[in-house]
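Peer 1: One structure is given below, represented as structure tokens, and several questions about it will come after.
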Amino acid sequence: MRAIVTGMGYFTPKTRLSNHDLERMVDTSDEWITARTGIKERRILEKGKGTSYMAVRAARSLLAGRNIPADEIDMIIVATVTPDMPVPATAAFVQREIKASNCGGFDLNGGCAGFVCAFSIASQFIETGKYKKVMVIGADKMSGIIDYEDRNTCVIFGDGAGAVLLEPSEEEDEGVRDFILRLDGSGADMLRVDAGGSLHPATRETVEKKMHYVFQDGKAVFKHAVKGMADVSGRILDENDLSPDDMGLLVPHQANIRIIDAVSKKLDLPSEKVAVNLEKYGNTTAATIPIALAEAYEEGKIEKGDWVVISAFGAGFTWGSALFKWAMDKP
Ligand code: UT7
């Protein structure tokens with residue numbers, strides 16, 4: 001039994017933060033951001049709303065598109081680094097709002113690779129025969145943990161959510177074929193939020209020292225991201241006797257167009273086989289892949305029978321890839 005993607009949904013907030021808006025906030029320019037990242041604008045969720053607001057809307061859109069009631073969902077996994085609050089899990093708010101009355105669920109922090117981790121775990125619930133409908137959500141409100149006075153980070157990140165449904169298929173030749181998940185804590189200092197956890201609970205001092213915001217050593221992360229994503233994307237093809245020519249679409253984490261281009265080049269993939277939407281949304285952390293996958297499907301860039309690779313790299317360092325054969329008919 002294999003796990004196939006049978007539905008998708010996504011949500012991005014209406015408010016846009018353009019490069020020109022950022023020019024008025026920090027010492028940067030549209031030219032620099034466009035050339036160094038490929039990003040033109042990002043979406044920002046209004047104050048008073050948390051990550052679950054977007055996750056719920058992505059989930060509802062998925063259910064409507066698949067035309068199934070929420071009580072058929074067996075499991076909800078939310079990949080996020082920006083839960084609504086430390087306790088309870090954001091999955092609980094999603095379950096409550098969509099009224100999924102027969103499911104289990106939990107959150108998972110895999111940084112920018114969170115969706116690849118959650119998707120891989122979900123595929124195992126299906127393959128073992130334990131569950132029939134597993135909803136995997138990648139959702140992040142990065143604007144809640146970004147310092148809009150720090151040009152190193154505020155130009156990159158944005159808010160969004162994407163959801164994917166996995167179900168079983170008896171067809172051996174479709175669905176999730178493999179995944180590779182990696183973790184290397186020697187990179188833990190290079191992308192982090194220092195306070196708000198058990199090590200440095202919130203105090204006046206942590207707030208004054210801006211310890212609740214994202215810190216990133218961009219150059220170091222960049223270098224490791226190219227190497228890590230190219231490695232797991234190439235390896236997953238090799239280990240499954242596939243070549244880049246056999247690939248339908250690579251859906252990479254959307255952090256920086258230069259990372260995506262370098263990975264594509266290493267894999268020898270032409271640009272039409274690589275999903276890119278970061279110019280519109282920036283880096284939405286766990287949400288980039290499900291949003292890019294859903295948009296690529298809507299735009300007719302994936303067809304039934306295509307091999308798809310998703311690949312991401314982020315805080316931890318954690319990174320990974322998953323390989324699956326697309327089983328949905330055209331939208
Ligand atoms: O999703 C999780 C994983 N995260 C990533 O994959 C992000 C990986 N890193 C990156 O995407 C890039 O490193 C950044 C986009 C964050 C930065 O780009 P970069 O080309 O690595 O720039 P840099 O940090 O090496 O800085 C180059 C120059 C510096 O000036 P000097 O020292 O050469 O005079 C920076 O001060 O650009 C300057 N700079 C900026 N200038 C205008 C840095 N940020 C900005 C900015 N606007 N926003």
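Here the Cβ of each residue, glycine as well, is placed from N, Cα and C on the backbone.
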Peer 1: In TrEMBL, which of 94-98, 104-108, 254-258 is labelled region 'ACP-binding'?
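Peer 2: It is 254-258 that TrEMBL describes as region 'ACP-binding'.
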Peer 1: When you measure from the Cβ of N283 (active site), how many other Cβ atoms are you left with inside 10 Å?
Peer 2: 24
Peer 1: State the count of C-beta atoms found within 10 angstroms of the C-beta of C112 (active site), not counting that atom itself.
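Peer 2: The Cβ of C112 (active site) has 31 Cβ neighbours within 10 Å.
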Peer 1: By a simple count, how many Cβ atoms lie within 10 Å of the Cβ of H253 (active site), its own Cβ left out?
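Peer 2: Taking all protein chains shown, H253 (active site) has 32 Cβ neighbours within 10 Å.
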